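Student: Take this structure, written in structure tokens, and hold onto it; I'll ask about it next.
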Amino acid sequence: MTTRPLRVVPTAPHASHPREARPHSRARVVIVDDRSTARSLLEGLARTLEPGISVESYADPFEALAQMQLSAPDLIISDYRMPGMDGIEFTRRIRAERLLADVPIIIVTVVEDRQIRYQALENGATDFLTRPIDPQECRARCMNLLALRRSQKAVSDRAQWLEDQVQLATTEVRSRERETLMKLAKAGEYRDEDTGNHIIRMSKYARLIAEELNLSAMECDEIEAASPMHDIGKIGIPDQILLKPGRHTPDEQEIMRRHPLIGHGILADSPSRFLQMGAVIALGHHEKFDGSGYPQGLVGEDIPLPARIAAVADVFDALASKRPYKKAWSFQESLDFIRGESGKHFDPACVRAFERRIDAVAAIMHELGDPEA
């Protein structure tokens with residue numbers, strides 16, 4: 001049989017990469033053939049492919065598969081006719097392994113049986129060699145596939161680097177968003193003569209509740225980051241009303257009750273998920289489970305869950321904290337109030353979740369308590 005000379009595709013140089021350049025790792029070739037003479041021939045040819053190449057050979061396809069499941073080679077050369085598992089079944093099992101899904105596979109056959117080749121291709125074979133093996137053809141096919149494999153790795157490395165960079169940038173943006181949210185929230189708290197630690201504590205309580213309710217990690221992050229914005233609307237309340245030491249008149253109460261709407265208006269138009277969550281919490285944190293809250297008089301689960309969570313966290317910490325107009329309630333008194341308002345002011349599910357994490361709540365209060373409390 002005459003064979004057409006094959007052009008050897010040179011290995012493409014690495015494209016410039018933002019990461020520190022790394023030398024090529026040694027290529028690794030695995031040969032699987034139950035006949036020792038055939039293995040020896042292929043081993044000798046494989047070692048001429050490039051300097052320092054690693055060549056492994058196996059008589060047993062099951063052993064070869066077990067070893068490759070631990071570390072993927074760069075090229076697999078397998079005989080078609082082997083006892084226990086033929087080359088097609090061997091190829092199928094290789095392709096079923098995620099680690100080996102892209103490794104080039106050459107199947108060696110005795111004759112040019114088209115039906116065998118079709119089956120092998122359908123099961124994931126990359127190329128073929130026919131016995132008796134032509135050394136020049138074998139080297140050309142192997143070198144082409146090693147070059148292909150190296151290019152695939154370079155693309156994969158580049159894609160992973162880009163994914164890592166996107167993740168780093170996303171993390172940085174979210175970190176800056178959280179920092180901005182906290183600074184804005186503190187600005188609102190200072191106007192109300194509250195302490196900055198109040199918003200830190202209540203945000204951590206809110207996260208505990210969210211976690212206990214089995215919300216996703218992203219939802220827990222967003223609730224923790226956004227809950228300090230619950231009272232940001234107080235920025236729009238006149239000082240003479242916001243800072244009034246005594247009881248508000250009915251008209252003043254009506255103005256005070258606008259702060260959820262003001263806060264929602266400040267935050268709602270942002271594309272940021274944190275700010276959108278903040279808008280939801282700002283609007284709904286004064287709603288009550290029994291429908292007696294404001295500004296919309298929502299009932300039960302019509303109140304968005306983040307707002308129901310923030311309501312428990314906010315009221316508990318407000319009760320347990322000293323203010324210019326009141327003394328701090330004890331931890332137990334504050335907890336008893338929350339329990340007593342379950343189903344009225346608060347969502348019972350949120351109250352139960354809060355109670356289940358009460359030890360963590362106490363630890364946060366101890367760590368972040370106000371010095372004057």
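Glycine too: its Cβ is placed from the backbone N, Cα and C atoms.
Just lifted these from TrEMBL, have a look:
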{"type": "REGION", "residues": "1-25", "note": "region 'Disordered'"}
{"type": "DOMAIN", "residues": "28-146", "note": "domain 'Response regulatory'"}
{"type": "MOD_RES", "residues": "Asp79", "note": "4-aspartylphosphate"}
{"type": "DOMAIN", "residues": "173-370", "note": "domain 'HD-GYP'"}
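Tell me what's around each of these sites.
Tutor: In the predicted model, the domain 'Response regulatory' (28-146) shows an average pLDDT of 91.
DSSP assigns Asp79 (4-aspartylphosphate) to a strand segment in the three-state reduction.
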Student: List the residues of the same chain that sit at least 6 positions away from Asp79 (4-aspartylphosphate) in sequence and have their Cβ under 8 Å from its Cβ, in sequence order, or write 'none'.
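Tutor: Listed in sequence order, they are Val32, Asp33, Asp34, Arg35, Ala38, Gly87, Ile107, Val108.
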